[in-house]
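Participant: Per Swiss-Prot, the feature anthranilate 1 binding site maps to 80, 111. Residues annotated as 5-phospho-alpha-D-ribose 1-diphosphate binding site in Swiss-Prot, with sequence analysis given as evidence: 80, 83-84, 88, 90-93, 108-116, 120. Residues annotated as Mg(2+) 1 binding site in Swiss-Prot: 92, 225. Among the features that Swiss-Prot reports, anthranilate 2 binding site is placed at 166. For 224, 225, the entry in Swiss-Prot reads Mg(2+) 2 binding site, with the evidence type sequence analysis.
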């Protein structure tokens, strides 16, 4: 199958959703050689991935995942694509604790760094979380604490062999887009940041096709986040429809910040910034985390609009609920109560 698909891609033809799924199944089953996989990924990238192709790939990723059980109808993910190269602190990870502190269950999917010096797994490990905890520990954390970390390499074993091919290629491929689309707990409510604005409507279309209940696909001022530095492009997905609009920090009741104010560093530095935000420190990092938490709270139905989401997030921080979620997640993953 992969050989026929490669020929079609080289002739600049799009693949149908079922064709893409068949190729992904072949890759997962070990039926394609490394050379074939590398050529396929490069040809797909050169042609340009479509909604149907990404959706077909994501369906296989979801079907092949080692699933995490969550006994909740509504829970959110704040996993983005990474790869924006802007080296901010871990905004979406910080936002996840604020969302949990506000009372919404979070199944945070993530990995180690893509282009930054600190991915979500890196910063959480620096904070004391066992990011490679066993499945039952992750499920217990989600149930008892209201937040758990779903470490991608542990939970997507079918595509482990592709990691080496991706490293050798050294360029972005469809796999850079698939992580946030394949939450191992099956989250249908999410905030998904993308590294380029062109992906906002495309991944919005993918989430709509895959049955997302309520999601925000965002790109703000070069960041795979909602920006407090300027304009954010949004595709809000509900009931199979994608509403596109743009917004600025003032629309959320937040002031504008310089990008230097939200700059990060290595995992230890980013851990300090995250902890400071959860401790109530004012400034750009707090506002950036609140903006992204607000979207997750709206997606989950906990807030009527983004301004209310910012207010609820701020209350969760200021009463200590967000920092308590971090402390309890560390304790549970380390074998405590």
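Please read every residue number as a count from 1 along the shown chain.
In case you wondered, yes, glycine gets a Cβ from its N, Cα and C as well.
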Participant: What is the nearest of the binding-site residues 80, 166, 224, 225 to residue 112 (5-phospho-alpha-D-ribose 1-diphosphate binding site), using the Cα of each?
Facilitator: 80
Participant: For residue 224 (Mg(2+) 2 binding site), which of these binding-site residues sit within 10 Å, Cα to Cα: 80, 109, 111, 166?
Facilitator: 80
Participant: Through the lens of DSSP with three states only, how would you label the residue listed as 'anthranilate 2 binding site'?
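Facilitator: Its secondary structure by DSSP: helix.
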Participant: Quick check for the class: what is the C-alpha distance, in angstrom and rounded, between residue 109 (5-phospho-alpha-D-ribose 1-diphosphate binding site) and residue 80 (anthranilate 1 binding site)?
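Facilitator: Given the Cα positions, residue 109 (5-phospho-alpha-D-ribose 1-diphosphate binding site) is 9 Å from residue 80 (anthranilate 1 binding site).
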Participant: What are the sequence-distant neighbours of residue 166 (anthranilate 2 binding site), meaning same chain, six or more residues apart, C-beta distance under 8 angstroms?
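Facilitator: Result: 41, 173, 175.
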Participant: Please work out which residue of 109, 112 has the most C-beta neighbours within 10 angstroms of its C-beta, and give that one of the binding-site residues.
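Facilitator: Result for the most crowded candidate: 109.
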Participant: As a test of the contact definition, list every same-chain residue at least 6 positions from residue 111 (anthranilate 1 binding site) whose Cβ is closer than 8 Å to its Cβ.
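Facilitator: Looking at Cβ-Cβ distances below 8 Å from residue 111 (anthranilate 1 binding site), excluding near sequence neighbours, one finds 82, 119, 120, 121, 151, 152, 153, 179.
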Participant: To the nearest whole angstrom, what is the C-alpha distance linking residue 88 (5-phospho-alpha-D-ribose 1-diphosphate binding site) and residue 225 (Mg(2+) 1 binding site)?
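Facilitator: Spelling it out, the Cα of residue 88 (5-phospho-alpha-D-ribose 1-diphosphate binding site) and the Cα of residue 225 (Mg(2+) 1 binding site) are 10 Å apart.
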